[in-house]
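One structure below.
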Amino acid sequence: GGTFLGKLLRQKSLTEARSLETPLKRCLTAYQLIFYGIAHMAGAGIYVLAGTVIKTKAGPAASLSFLLCALLSVFTGLCYVEFSTLIPRAGSCYTFTYITLGELPAFLVGWTMISDLVIGMASVAKAFSSTVDAISHQAISNATRTHFGSLPESDYLDPNIDLVGFSLIIALMLLTLTGAAISMSVNMVLSAVQCVCLTLMAGAC
């Protein structure tokens with residue numbers, strides 16, 4: 001039993017983890033990493049959910065929520081800075097957990113990260129397709145329902161077949177396959193446009 005538990009909690013050597021040798025090419029610039037962080041913080045929820053929640057539920061108290069989230073983000077960033085200086089390796093919290101807590105916690109953290117990316121991508125794709133469909137006055141969803149039918153009704157799933165969201169995911173997958181340098185450059189441009197839009201929206205308010 002102790003041997004099995006030891007295998008579950010075995011840790012990667014800190015000396016090995018500190019090695020800077022890696023098969024990955026270091027091609028990202030500081031600006032690309034900054035805008036990558038901005039893209040993760042300013043997601044589709046700002047455009048889809050924030051307005052509705054502020055109008056119908058939270059009201060002015062939402063500003064306190066944003067301030068609290070900003071404060072927590074600062075502390076989280078400081079933790080990542082400390083970890084990355086101690087262990088200058090790719091792998092994010094998976095590598096940090098592997099070294100400090102062991103293999104099983106790292107396994108759970110790794111799959112949590114994958115689930116977060118999958119759910120996040122699905123929500124962004126759905127928000128994008130819903131926005132495009134609303135701009136077209138539901139022409140896309142009506143055409144899809146007419147030509148492809150719909151799924152059984154459910155309280156949790158959209159019965160409409162989302163071709164726009166599916167196309168967006170495939171396009172982003174192909175963009176990612178071109179390499180980190182190209183995909184991050186595109187992300188930097190889109191994030192800059194997003195920052196401009198958010199600034200104009202805040203100024204209009």
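Even glycines carry a Cβ here, placed using N, Cα and C.
The transmembrane segment annotation in TrEMBL covers 33-54 (among others). Residues 62, 73, 120, 123-124, 127-128, 130-131, 184, 187-188, 190-192, 194-195, 198 of the same chain lie 6+ residues outside the transmembrane segment (33-54) yet bring a C-beta within less than 8 angstroms of a C-beta in it.
The annotation transmembrane segment is assigned in TrEMBL to 60-81 (among others). Same-chain residues lying 6 or more positions outside the transmembrane segment (60-81) and placing a CB less than 8 Å from one of its CB atoms are 41, 50, 53-54.
If you look up TrEMBL, you'll see 93-114 (among others) marked as transmembrane segment.
The transmembrane segment annotation in TrEMBL covers 163-182 (among others). Long-range contacts of the transmembrane segment (163-182) within the same chain: residues 25, 27-28, 121-122, 124-126, 128-129, 132-133, 140, 144, 148, each at least 6 residues beyond the stretch ends and with a Cβ under 8 Å from a Cβ of the stretch.
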